[in-house]
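Everything on this sheet refers to the single structure shown next.
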């Protein structure tokens, strides 16, 4: 029984005195205050709430239209993803209907260079469908029993994203990046244990196909005696992404090998308007180092092309949450208007192409360009405006301090 030395009773859970709460309820061995009762009631109510159903009624065209608002370019990949996701959740909606035909999952593999939009596509899909989303890096995963993350830790991230609502988590999306980094070292089976390559692929097999996994709510190895949460992966959509550097050579070698005799003129022609990666076949990925069983569980494969200057220019200005809009909002909070010349934006896009970082490199360039302006926004403002010109971007490339010129009024754009 909770009683202080002075004889005042207190809550056995939070420790608050009788005088500090509205009501203190007595039990045989303990007291509980009204605040703790309300808190416990809220927790129980949350657990009993039905899981959010998500927007599973969207048609492929509607899904792509929303993707278009956030992801610029990659039209074919957006179409492929929209259809795959629609079919996956259509299968889920009709899971209770008895059918002679069992429809397998539409797990997806996105192949494309850094900064082409793989992660953004997966994240946007989850937002469109209003389902829990978790992201993992394949390079941190190892086989169970070795130093590193277990595959079950990915499911834990999804559970956390769903606020430990198991039903909601079982309809979520998991994106695993850098999957090309877990390719086995050679095409032949290795005698030595490959715990971060083929071993991880083997560990992922059952999870991505569909199984009931025991997930440690506190993260696994550090808490061996905790109770596990059972989660079915039958309806979790897995999306994998990777750059697959060197896959082009494998595709071209296959293409040359099959281009013999009568069919040579037909088969050896790779369309100059299409990226080589768009011709990837499962056999190419096996040669790259993914095991056949792993590839067999990912039926949908699509490639994302490298973004050119014009596309990167559009990435800067067109999406709902474009970088230009984000930085303009930050300056607006200081009662300033941020303006970019079109030539300045094209110069930023050109710099990202030169760095070979795709859309991901745009933010780093913008940060470098605007650092001094954000440090002293009023010092470079002219009549409440901060204007960025092409010359400023070019001076950044040359390592010059364009902020001083802007403050003197020498480099103001046409804003």
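We count from 1, first residue shown onward.
Using the three backbone atoms N, Cα and C, a Cβ is placed for every residue, glycine included.
Taken straight from Swiss-Prot:
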- 1-52: domain 'ClpX-type ZB' (DOMAIN)
- 11, 14, 33, 36: Zn(2+) binding site (BINDING)
- 113, 114, 115, 116, 117, 118, 119, 120: ATP binding site (BINDING)
Practice prompt. Please classify the secondary structure at residue 33 (Zn(2+) binding site) using three-state DSSP.
Written response: strand
Worksheet item: By a simple count, how many Cβ atoms lie within 10 Å of the Cβ of residue 113 (ATP binding site), its own Cβ left out?
Response: 20
Fill in: Other same-chain residues whose Cβ falls within 8 Å of the Cβ centroid of 11, 14, 33, 36, the recorded Zn(2+) site, in sequence order
10, 12, 13, 15, 16, 21, 24, 31, 32, 34, 35, 37
Fill in: Residues flanking the ATP site, with Cβ no more than 8 Å from the Cβ centroid of 113, 114, 115, 116, 117, 118, 119, 120 and excluding those residues themselves
112, 241, 304, 358, 359, 360
Practice prompt. Would you mind checking how many other C-beta atoms are within 10 angstroms of the C-beta on residue 116 (ATP binding site)?
Written response: 28
Item to complete: Would you mind listing, in sequence order, the residues at least six apart from residue 118 (ATP binding site) in the same chain with a Cβ closer than 8 Å to its Cβ?
Response: 110, 112, 177, 241, 304
Response to the item:
Rounding to whole Å, the Cα atoms of residue 115 (ATP binding site) and residue 36 (Zn(2+) binding site) are apart by 49
Practice prompt. For each of the binding-site residues (115, 117), count the other CB atoms lying within 10 A of its CB, then report the residue with the highest count.
Written response: 117
Worksheet item: In sequence order, which residues at least six apart in the same chain have a CB under 8 Å from the CB of residue 33 (Zn(2+) binding site)?
Response: 11, 13, 14, 16, 21, 22, 23, 24, 25
Worksheet item: Rounded to a whole number, how many Å is the Cα of residue 36 (Zn(2+) binding site) away from the Cα of residue 116 (ATP binding site)?
Response: 50
Item to complete: Look at each of the binding-site residues, 11, 14, 36, 120, and point out the one with the fewest other Cβ atoms around it within 10 Å.
Response: 14
